[in-house]
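> As listed in TrEMBL for this protein:
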TRANSMEM  A:20-46  transmembrane segment
TRANSMEM  A:52-71  transmembrane segment
TRANSMEM  A:105-129  transmembrane segment
TRANSMEM  A:135-155  transmembrane segment
TRANSMEM  A:167-183  transmembrane segment
TRANSMEM  A:189-210  transmembrane segment
TRANSMEM  A:283-302  transmembrane segment
TRANSMEM  A:308-331  transmembrane segment
TRANSMEM  A:352-369  transmembrane segment
TRANSMEM  A:375-391  transmembrane segment
């Protein structure tokens, strides 16, 4: 018999170790500096924004929306693995202890994050509702209580065999959470007690019943675990390479024209690179995000030739991130045995990257030109992209290929 | 018959001084299907990797059309297509785009591609799935994509690793018919498989590997003579060899 409690502890420890490792990698990466910069700028603007908000700002309503969404979303990391569908099924009856550990851990994380989000929004509460540490403690307590309720109840909800039924109950929870948060931020504590009673009934007589009727929905639990894991990886992937990241594919048919090439041998790889770029969730998202963040920097930093350095840094960030696409097919035998020479492959990759850099440069140039009217420097931005791709890309590729092969 | 693939005294492996395959000698000629047979771990996949030019031999050579991979990489690789044991697809490409990419990578003319692709899609009953992405395919359908890509190119040599796993009976039949057709038109096929009854019916010659060595090779008749098992089926000969009775 497997000791499921031990299994949980082992997996949790492995998970924590991995998370810490990724944190240290993230801390080492250059992007963290720009993130800190953004947080500093962000907090300055947050303070300014609060000053600028009108008297009749619907703070209660917005807080209610934020927290009813947050409370309803109750992710639970079960740390299940694919193999569990085979190896843990026989001990299904014993899994209760494993999952109760998972729920406790999700409760702890959920409570912490609830408090974190509330602390972030605390200035708004201070401004529009009530100030004072007593308020902070009271609101914090009630929000955490609701989070615990939601995690517990949503676990029972996960026993339902159909996604659509789960969604129905989720909607029900959202309504309860909405009323709860609304009453809370209006400081209507007496009504809040009534809601507690409703929650008690729901817990014991609605969601509690599922336990008797249904077993665990292993496949759904596994799917949830995997999607949560991928979410975590994708976040880390902004800072450093995550080899385990499986790309999600979006069809994006409206972008197909970008990836249409004439039927020639030399176009085989450019077409593949472009289609991968356009359809895989993360490359295009990264590109758009970097362009937008670039706009923000161009906007915040006073106009001048030094903007060219800023833009150059963004070219560098983008190129570095996109090298993962080159290595994506490293283990693909079918790709490796195409009768295409190694340097043709490298050139195709560089060409493709050059095009994207030039487009990026054109975007920055247009934005800068419209903002400052200084079209001289604006034109130098796409020119910079070309220079960058001629001067930097070959050495970067060389370094990358020797690193990865 | 002209040899297409010539493997001479091939030794290789993953760690220096620890070869997995030892002194292999065999050929695949025009107009023949050669079955590569052996237990799990006998060295079939390693042999195939050497032939594909993905691993460097420690000694010996693998020549296609008289050239090794090192001498003429592009030409070497354009002579064959490969059907891997586990289907490997591009998650971002549709079925149609897989076929198109393969055709482009192997330098097919667009017109040739279009005339070949339709009958293939129909034969494997994939013609209504050309816009599908790999995530929508079952294991067998993924295998069909691999087969379609390999057949589309119509190379001189097909290297096929365990093609029947996950394929439905109609798919297996269609695949074998194509193999026979291309063989009759002059192509050579190197096919690794465990399905011995099928191999017995379709392969012209057999290479039986055991613990990294080629222990028996030849037509079924020759195998019977060499193993001393008269009227034996391929199954029986294979079991005989696999139990280490032939060295």
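Cβ from N, Cα, C; glycine included.
Note that the coordinates shown come from a computational prediction; the quantities given were computed from them, not determined experimentally.
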> The transmembrane segment (A:52-71): which same-chain residues, six or more beyond its ends, come within Cβ distance under 8 Å?
114, 117-118, 121, 124-125, 127-129, 143, 146-147, 150, 173-174, 177-178, 180-182, 185-186
> Cβ pairs under 8 Å only, please: of the recorded stretches A:20-46, A:105-129, A:135-155, A:167-183, A:375-391, which one is richest in them relative to the transmembrane segment (A:352-369)?
A:375-391
> Please report, as numbers and ranges, the same-chain residues at least 6 past the borders of the transmembrane segment (A:189-210) whose CB is under 8 Å from any CB of it.
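Same-chain residues near the transmembrane segment (A:189-210) but 6 or more away: 142, 149, 152-153, 156-157, 159-160, 169, 176, 179-180, 183.
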> To the transmembrane segment (A:283-302), which of A:20-46, A:135-155, A:167-183, A:308-331, A:375-391 is linked by the most Cβ pairs under 8 Å?
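Stretch with maximum Cβ contacts: A:308-331.
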> Who are the long-range neighbours of the transmembrane segment (A:135-155) in its own chain, taking Cβ under 8 Å and residues 6 or more past its ends?
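Cβ under 8 Å, 6 or more out: 67, 71-72, 74, 76, 99, 103, 106-107, 110-111, 114-115, 118, 122, 125, 129, 170, 173, 177, 180-181, 184-185, 192, 199, 202-203, 207.
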